[in-house]
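Engineer: Take this structure, written in structure tokens, and hold onto it; I'll ask about it next.
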């Protein structure tokens, strides 16, 4: 029996929703082919990732076996389509693909259990079980995390098109979290609450200009910009080119912008990066479906 699973990249935080908002996008994605085997084995292609015990897809699959007290094994062939350390939920997608592939092989359909195994994989990769990547990659669409334990998720019916720009810069999630303060000024917290609440309404109404204006953040971005000294200049160029707004995806360096002329916006940002001596690529994307077999 062979199972094929695709798990999409995600835009986590989505502006003011730090550790809460996340949206699946239609590309890129990680793909696994899972089959029965007498031990646990991983074969990977695409972007380079660890093999063996440190592979997140394999770790998540093994975690599900342990949770179910099932002995045995499986072989995973991973086609890594999401660049690691990109800010696009690379480890979360691998975790979802591995856990869901194992679940399908075992005939398990318990969403909560599968997500728990995937979040263990995400925790191994980044030090914390981030549901704002794992959950939208699993379910698709735009998700809001009410709580991690117990896991409570809300869904927003949002259909967006945007442009992702990915510079050739790596920002490990653990490093991006370490730079954050343990406390922030009250006025910054209040501002984020206002923006996040308004963003949900704008998403429901499909108000692109308002959504763009609200793609901002006072909790993490002011501190993480130290790891992205080019951000303010890139943001200025994007807005001048017609973007309604631009934000950092996850912990970066990937950027997500919305507007009308998405190809022009992406091309202009890439050209600006090249002026700064940084290679970059862009692609137009949209709200995506969740992991599927």
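Here the Cβ of each residue, glycine as well, is placed from N, Cα and C on the backbone.
Checked Swiss-Prot, it gives:
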BINDING   83, 84, 85, 86, 87, 88, 89, 90, 91, 92, 93  ATP binding site
Engineer: For ATP, what surrounds 83, 84, 85, 86, 87, 88, 89, 90, 91, 92, 93 with a Cβ no more than 8 Å from their Cβ centroid?
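Structural biologist: The answer, listed by sequence position, is 9, 82, 133, 250.
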Engineer: Among the binding-site residues listed here, 83, 87, 89, 91, 93, whose Cβ has the fewest other Cβ atoms inside 10 Å?
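Structural biologist: If we count Cβ atoms within 10 Å for the binding-site residues 83, 87, 89, 91, 93, the smallest count is at 83.
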Engineer: Does residue 85 (ATP binding site) have same-chain partners at least 6 apart in sequence with Cβ under 8 Å from its own Cβ, and which are they?
Structural biologist: 170, 171, 172, 173
Engineer: Return one of helix, strand or coil for residue 91 (ATP binding site), based on DSSP.
Structural biologist: helix
